[in-house]
Each structure stands twice: as C-alpha cells, then as structure tokens.
Amino acid sequence: YFLLIFTLISLLLYFRVLLKIYRSRKNKTFKTLFYKMTWSLAIYDISFVIAYFIVEIPQDWELFYGFFESINGTIIPQLFWAHQWQCYLATVSKIQACIDNNMFQFTGVAMIAISRMLFVCHPTSKANKVLNSLSLKKIVSIHAIMPLIYGVYVVIFQSPRHYDYHPDAHSITRLGDASSIKSNSNVTIYTSAICAAVSTICYIRVFLVLRKRPFPSWKDEFSVILTSFVLFLSLCAMCAYYIIYKFALESGNTKLFYFLRRITFTVSFSIALINPWCLFLSNSKI
C-alpha cells in the first residue's frame, strides 16, 4: 500500500512538473535539452510504472491466475515484455547524454549527462547550440529509435513468453527460454555500464569546472545538475542490480533470480520517479 500511495503522489508530481515545463517552454531556462529530455523520459517512466502495477503486481494475487493463463498463446505477454525492455533502454540513455523498459531509461540518462557537460564546460560550442535547438518532437523521435528497434526485436525474434506458476517465485510469473533471458540481461548490463561510464566522465569534467567557479555564477543550474547526478547514481544502482541478476542466471540460483525479479521496482522506480522529486525540491520555479 505504501508503494501504491508513493507512486500515485509521484505521478501527480510528475504531471505537475511536466505541466510547468510545458507552460514555460518559451522561457530560456526551460528551452534547454534537459527539460525537453525530461518530457521524452516521462513517456517511458510513466508508462513503465503504470504497466508494472497492471501486469506485474497482480501476479501475486491468486484471483488473477486465470486471467494470466488465458492470455497464454497470444501476443500480449510478448508485448508486455517488449514494453518493459523498451523502457529500460530509454532510461539508460536518460542518464544522459548529457542522451524488458529500463534500457531506454539508461540511454536517456547518458544523454542528459552529455548535455550537462557541454552546457557547463563548452557553453558556446556548436554541439551545445545544436542540441539545445532541437525541437521536442525531434528529441522524442531520436530518443525512441533504439528502444523501438529493440522492442520490435523482442516481439518478432525472441521466443514467446507465457505465464505459469513457479515454486521458487511462489506465484504465477512470466516465463521464457533461457537464451533470450540471458541475452536481454547482457544488453541491460552492457548498456547501463557504458552509459554509466560515459556519465562518469561527463560529471567528473563538470565538477572540475564548477569547482573553479563561485556558486552564484551557476546556482540557477544547481537543480538541473543535482537531478542529473541523482539519475546517474540511480543508473549505477541499476547496473549493479543487473550484474547480480546475471550472476543468479549463470549460477542457476532460481530462488535468487525470482527474488530479484520481485524487487525490480526498488531500482526501476527510483530511476523512473526520481526526476520530478529532485526538480520539485531543488527548483523554486517548479
């Protein structure tokens, strides 16, 4: 119940932040790549959280076992699976460039990191000007390319998923062939690790530059830098989570594997819902 209440509050706060960004879209501060990426990431963050409550949580309730068994043999389980991996990829890129669902979150985080580094360290560079001049539609479209391609790959080329009771999960759960599960795990580990490494380099560069500047000269950017850095830490946590997840797969420890799957929300929700809280608490304009 706490998770449900916290999620509802976070989603309402997310909508409030997005509305503020939209209403202030002509303001110079809110025209930067960071706030446009916030909109793009929101598509995956919000859809991931809603889908999790609709599809993942009811698997613990015996009342819904019949429903999950009834959709076996249809494309629905595969679509849910593809959507989840789309969101993962989209968020990773969210760490931004400073550019299963989590993978897209990774790319987003990396894009934000790169954009912050360019804005702070090379504010007059052509790359910074080009990125900030991109329209919201172009950013959403570019950000969606990798998640969409991988989502189509999951739906068409990977073996169909199905729902069945598994004793180690202590409930009905989504099952699939070991090869595709390992393949998806590898993709998540590699993308999160690469994006985390890129983001680390960007933030080291940012902090080295800001250390030499008085705080008043960049205090207006504080909320953006703080939010970006917290997203980066969430990405690192998710990378560590999937390394342990991979270990459980390789070692055949099904109890650990299904335990990790049950607590996926602890890392995925942190990276999906941290954005609005950081902006709300650190930016007086929001």
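Here the Cβ of each residue, glycine as well, is placed from N, Cα and C on the backbone.
Look at TrEMBL and you will find 6-22 (among others) tagged as transmembrane segment.
Here TrEMBL flags 34-55 (among others) as transmembrane segment.
Residues or ranges marked as transmembrane segment in TrEMBL: 103-119 (among others).
Residues annotated as transmembrane segment in TrEMBL: 139-157 (among others).
Per TrEMBL, transmembrane segment is recorded for 189-210 (among others).
The transmembrane segment annotation in TrEMBL covers 222-244 (among others).
If you look up TrEMBL, you'll see 256-280 (among others) marked as transmembrane segment.
Between the transmembrane segment (6-22) and the transmembrane segment (222-244), fewer than three CB pairs separated by 6 or more residues in sequence fall under 8 Å, so the two stretches do not touch. Packing against the transmembrane segment (256-280) from elsewhere in the chain are residues 3, 7, 10-11, 13-14, 16-17, 38, 41-42, 44-46, 48-49, 52, 56, 87-88, 91, 94, 101-102, 105, 109, 166, 168-170, 173, 223, 226-227, 230-231, 234-235, 237-238, 241, 244-245, 248-249, 286: each is 6 or more residues past its ends and has a CB under 8 Å from a CB in it.
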